[in-house]
Amino acid sequence: MDLPVDEWKSYLLQKWASLPTSVQVTISTAETLRDIFLHSSSLLQPEDELFLKRLSKGYLVGKDLDAPLFYREEGNKKFQEKDYTGAAVLYSKGVSHSRPNTEDMSLCYANRSAALFHLGEYETCLKDINRAQTHGYPERLQPKIMLRKAECLVALGRLQEASQTISDLERNFTATPTLANVRPQTLQRNLHHLKMKVQEKDKLTETFPAALAKTLEDAALREENEQLSSASSSVGLCIDPLKGRYLVATKDILPGELLVKEDAFVSVLNPGELPPPHHGLDSKWDTRVTNGDLYCHRCLKHTLATVPCDGCSYAKYCSQECLQQAWELYHRTECPLGGLLLTLGVFCHIALRLTLLVGFEDVRKIITKVCDKISNKDICLPESNNQVKTLNYGLGESEKSGNIIETPIPGCDINGKYENNYNAVFNLLPHTENHSPEHKFLCALCVSALCRQLEAASFQAIPTERSVNSSQLQAAVTPELCPDVTIWGVAMLRHMLQLHCNAQAMTTIQHTGSKGSIVTDSRQVRLATGIFPVVSLLNHSCSPNTSMSFISTVAAIQASQRIRKGQEILHCYGPHKSRMGVAERQQKLRSQYFFDCACPACQTEAHRMAAEPRWEAFCCNSCGAPMQGDDVLHCGSRSCAESAVSRDHLVSRLQDLQQQVGVAQKLLRDGELERAVQQLLGCQRDAESFLWAEHALVGEIADGLARACAALGDWQKAATHLQRSLRVVEVRHGPSSVEMGHELFKLAQIFFNGFAVPEALSTIQKAEEALLLHCGPWDDEIQELQKMKSCLLDLPPTPVGPAV
């Protein structure tokens with residue numbers, strides 16, 4: 001959650017409401033963020049901090065020495081059910097609560113290695129085996145884990161190492177026969193079996209060469225931009241007194257071209273929307289799975305084999321290297337504040353991490369620099385009086401506006417270069433004047449509470465790039481913050497307000513499927529929140545000409561359509577014309593970003609407000625024509641005699657149907673496939689009686705039927721249902737949309753598994769064409785499509801194949 005937990009938010013808003021009017025006016029009319037921060041922090045009382053401390057204790061982020069056994073036993077249950085992914089996550093939770101170099105930690109690592117082995121994650125399994133041995137895996141259990149190590153090595157084709165491992169195991173067994181009841185002959189037999197298995201897989205290995213595994217790190221911008229870091233030379237930076245900074249095309253741009261490839265200046269993993277559990281006797285430890293269990297807290301890489309922080313049970317990493325980097329850069333300060341940071345929300349957490357990454361000295365320098373350039377009144381609003389005439393960076397001299405630049409573009413250095421650095425971050429707009437007084441008060445008290453905790457710790461853990469006078473950092477704890485902490489607090493308050501408009505949701509595609517299904521469904525989930533100074537220069541459009549994707553902490557902006565030279569490069573902030581109507585979009589953009597959208601999509605829709613989108617339309621029960629009207633709907637066909645019907649009645653029917661579809665989706669998730677099919681077929685019949693053929697719910701029902709039929713192995717019916725869903729997706733999102741790409745990916749899976757080779761190859765090509773516009777060749781789905789295509793092309797010709 002971006003803002004604090006509801007209890008703390010409500011508490012502070014009540015505190016604001018109870019303040020004398022004169023105090024509210026003082027804060028509301030404060031001219032600088034420094035004044036807002038100092039006025040607000042003076043109102044933070046010990047009882048407020050005590051209440052916040054109680055809330056923070058709801059998050060169990062410390063290590064509980066009784067937890068490893070609990071999680072190991074819960075993991076064993078999942079393992080016996082053959083839910084190896086679920087087992088691995090629970091073993092990871094056990095690892096997070098274990099102390100280093102203990103039997104608890106070694107057993108959790110060893111058990112997790114078994115789950116990873118069954119998932120085919122052999123390299124990762126070997127790492128866990130080494131970790132288990134490093135942390136003191138019991139001698140009595142060594143044969144079991146050594147055999148697993150040999151099996152991994154054979155599966156990876158490292159037969160010489162496997163033979164050496166077996167020899168070591170046999171030698172140990174001979175020396176100490178009481179270690180285990182595993183015979184050397186059994187080990188040799190297993191080794192021989194695995195060698196044969198590797199030989200059989202040789203051809204398959206050649207079919208999927210390593211060259212297919214393209215990553216975003218391999219993707220390069222066509223030509224680096226000299227004035228705009230992380231951007232292509234096809235992109236130019238401009239500024240206008242009315243619209244501010246924005247990006248334009250300096251040359252014609254083709255669909256799919258990579259325009260920006262930027263690493264987040266700072267990012268924080270989103271803990272998810274799950275509230276802290278109520279810690280009773282029956283639920284002392286949390287078994288729920290969140291993003292924090294599946295992704296590295298530093299680089300955001302997906303992993304089932306997390307390495308925990310030695311000091312807390314919350315922070316987890318994909319490797320020892322990420323753990324060490326995080327500790328040195330920021331986590332040594334954040335570690336003891338884990339529960340507090342989760343209570344205060346992601347924005348406050350990012351504000352702290354940002355200042356920790358930069359270092360106290362550099363934060364103070366840039367604030368001092370701003371103070372020297374402009375009046376103290378504008379210390380936190382450098383953009384307020386810096387109105388700049390139009391300037392185009394990246395366009396030729398003859399194409400510049402000819403206007404004289406009065407001041408540099410905010411965020412650029414003295415040479416006019418805009419880079420991914422703290423100067424650029426600091427110059428992102430906080431929109432202080434647009435935020436409500438109570439919101440600024442809430443943010444200021446959150447930062448104040450955090451500063452009090454940092455001050456209480458005497459800043460002993462705060463990393464700085466240069467030595468700082470110890471007397472400045474180790475001031476005694478007093479109700480009034482010392483001047484240095486005030487600078488820190490003002491910077492964090494500015495960043496909290498900036499994040500309201502400049503935070504970038506870092507998303508990933510998560511694949512899900514019903515039990516037993518080999519055809520996956522996908523959904524976009526918010527993984528983390530970050531700040532990208534260059535990406536933040538993009539203005540919004542409800543019908544943008546770019547798409548954004550993420551790999552790890554890197555954002556990639558690609559052209560989703562042809563962009564002409566001089567045309568503005570636009571990004572969607574969330575409200576997209578294919579997902580919501582113009583009124584809802586306008587409201588969301590106004591409340592979060594403080595502007596009224598006037599993009600072509602909004603202007604077009606504003607002129608035809610009466611016509612509702614086809615994916616929300618009702619149809620006539622008699623003739624099937626679309627219904628028209630506002631509160632009372634009539635059949636759109638003049639020849640139809642069907643009587644009018646109220647919109648409320650149809651909306652009520654729609655809500656009932658949505659509930660029934662929800663029941664079917666749960667049956668599908670639980671693996672009750674036959675019941676799910678019957679439920680969905682009933683929903684489909686009901687939908688046909690009052691919903692337009694391209695209604696979104698009609699597509700959702702068809703998609704559910706396709707997944708259920710695929711799980712049952714009925715590929716022909718699955719393809720038929722999914723093609724109906726495709727028509728709905730195409731009408732709503734367009735034939736080249738990323739949504740269309742995801743749906744075509746599913747259809748390709750169905751044709752592939754149904755052995756319909758021509759249909760599969762044709763669909764794979766269409767899916768690749770759509771996805772490459774939005775995701776790039778590093779995307780998991782694109783790489784899976786390439787593997788399917790490679791497999792199909794290598795098949796020998798067959799005269800007859802199963803029909804789909």
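Using the three backbone atoms N, Cα and C, a Cβ is placed for every residue, glycine included.
It is 296-335, from the ranges 296-335, 456-495, 696-735, that Swiss-Prot records as zinc finger. Cross-referencing F441, F594, F595 with the S-adenosyl-L-methionine binding residues that Swiss-Prot gives (R112, S113, A114, N427, N539, H540, Y573) picks out F595. Note: the Zn(2+) 1 site is recorded as C296, C299, C318, C322; in the same chain, Y295, H297, R298, L300, K301, T303, Y317, S319, E321 also have Cβ atoms within 8 Å of that site's Cβ centroid.
The zinc finger (296-335): residue composition by secondary structure is 16 helix, 5 strand, 19 coil, according to DSSP.
Of all the binding-site residues in the record (C299, C312, C318, C322, H331), the one with the smallest CA separation from N539 (S-adenosyl-L-methionine binding site) is C299. Residue density at S113 (S-adenosyl-L-methionine binding site): 27 other Cβ atoms are found within 10 A of its Cβ, drawing on all protein chains shown. Following the DSSP three-state reduction, the secondary structure of S113 (S-adenosyl-L-methionine binding site) is helix. Looking at H540 (S-adenosyl-L-methionine binding site) and C296 (Zn(2+) 1 binding site), their Cα atoms lie 30 Å from each other. Over the zinc finger (296-335), the average per-residue pLDDT in this prediction is 96. Per Cα geometry, R112 is the residue among the binding-site residues R112, S113, A114, N427 nearest to C335 (Zn(2+) 2 binding site). Neighbours of the Zn(2+) 2 site: apart from C309, C312, H331, C335, residues of the same chain with C-beta atoms within 8 angstroms of the site's C-beta centroid are D310, G311, Y314, A315, A326, W327, R332, E334, P336, G338. Taking the Cα atom of each, S113 (S-adenosyl-L-methionine binding site) and C309 (Zn(2+) 2 binding site) are about 19 angstrom apart.
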